[in-house]
Amino acid sequence: MSTTNDTLAKARIAVLGYGSQGRAHALNLRDSGLDVVVGLRKGGPSWEKARAEGFNVAEPAEAVKGADLVAVLTPDMVQPALYRDAIAPNIKPGAALLFAHGFNVHFGQIGPRQDVDVILVAPKGPGALVRREYEIGRGVPCIWAVHQDVSGQAEAKAKAYADGIGGGRALLIKTDFKEETETDLFGEQAVLCGGASSLVQAGFETLVEAGYQPEIAYYEVLHELKLIVDLFYEGGITRMLEFVSETAQYGDYVSGPRVIDAGVKARMKEVLKDIQDGTFAKNWIAEYQAGLPNYKQYKQADLEHPVEQVGKRLRARMPWLQAAAPQPSAEPLKKVG
Ligand code: NAD
Ligand code: MG
């Protein structure tokens, strides 16, 4: 075990939530030799799963009681009530409260007790990848931060936790809650989830409306995107340019900026401003509290988009895609951010 890891060697870690991140963190921490208890609602969807995977599972309040570090890995929108009901009344003075996303602390939805460390370890990848990389001896890069340090050990605890989930094998970068929260929200909204899926839908619609076969449009604007993104991941735009034809490169140079023009960047800045000034957070919290009426509608529209209809048929004929997908866990790679 590394020196930083020793910081948590004798610690009891409560992982609250056993979803995308929670499951990966709990399994990796345990495999790193750390003492983990999983905190879940009895009868909730993940209770049996965590039990079946060998964990000591308790109600959140019980799990928090004995813990030296509490990792809050439930959905962001349930964290304020969870903090109020299960964590604040039970967390030990001097223990650490850890988040994987700074949303609630940064936007003031959780005001942590003054006598606990408050830290952040955010893997830059979905939970299934955090687990898969760990299992093959690697890790997903993590960014970490300290919001409050009462023990004098907050930084060491954050690094030890990041090591425990495998991030130390990859790369650790120091940040703060504001930077993590704002950049994470921007990335998923403008580029990763929102930007990429809207780009794919618009490209698909353009081809289909021009009379081309939807099946061919699907391959052109969605399926092949993976190839390109893999090259970005391995070696940036440089590597992508090495692998595509001169014709594709010329088209990239003249047409890319026509599609993603200064207007797009100006609107990205508006998206960022809404994140920075709290407008997005305010709207999202209100939407959640109203029972997600718009969210459900938007989601349904995405699921019913013609690119999904044709995609479903084509993917059923490419069963190897599922076999090749990273699924060491039972969880599909369903989420970013
Ligand atoms: P998730 O939706 O996949 O899982 C949530 C888990 O919490 C489930 O096990 C659920 O049963 C449990 N849960 C729900 N309500 C609960 C309650 N009241 N008490 C106890 N348990 C409850 O969540 P996720 O996507 O892993 O997100 C967890 C945190 O990690 C969030 O802060 C998120 O922003 C952050 N994060 C997620 C990703 C990602 O890839 N999904 C990446 C980085 C950071
Ligand atoms: Mg996110």
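Quick reminder: no glycine exception, Cβ is built from N, Cα and C everywhere.
The feature active site is assigned by TrEMBL to HIS101. What TrEMBL records for TYR18, GLY19, SER20, GLN21, ARG41, SER46, GLY127 is NADP(+) binding site. Marked as Mg(2+) 1 binding site by TrEMBL: ASP184, GLU188. Annotation source TrEMBL lists Mg(2+) 2 binding site at ASP184, GLU220, GLU224. Under the heading substrate binding site, TrEMBL lists SER245. Annotated domain 'KARI N-terminal Rossmann' per TrEMBL: 1-175, in sequence order. According to TrEMBL, the feature domain 'KARI C-terminal knotted' maps to 176-321.
The binding-site residues near ligand 2, defined by a Cβ under 6 Å from one of its atoms, are GLU188, chosen from SER46, GLU188, GLU220, GLU224. In this structure, none of the binding-site residues from ASP184, GLU220, SER245 has a C-beta falling under 6 Å of any atom of ligand 1. Neighbour counts of Cβ atoms within 10 Å were taken for the binding-site residues ASP184, GLU188, GLU220, GLU224; the minimum is at GLU224. Mapped onto DSSP helix, strand and coil, the domain 'KARI C-terminal knotted' (176-321) counts 126 helix, 0 strand, 20 coil.
A separation of roughly 26 Å, to the nearest angstrom, links the Cα atoms of GLU188 (Mg(2+) 1 binding site) and SER46 (NADP(+) binding site). In sequence order, TRP47, GLU59, PRO60 make up the list of same-chain residues 6 or more apart from ARG41 (NADP(+) binding site) whose Cβ falls under 8 Å from its Cβ. Looking only at the domain 'KARI C-terminal knotted' (176-321), the predicted model's pLDDT averages out at 97. Here the residue listed as 'active site' is positioned 13 angstrom away from SER20 (NADP(+) binding site), judged by their C-alpha atoms.
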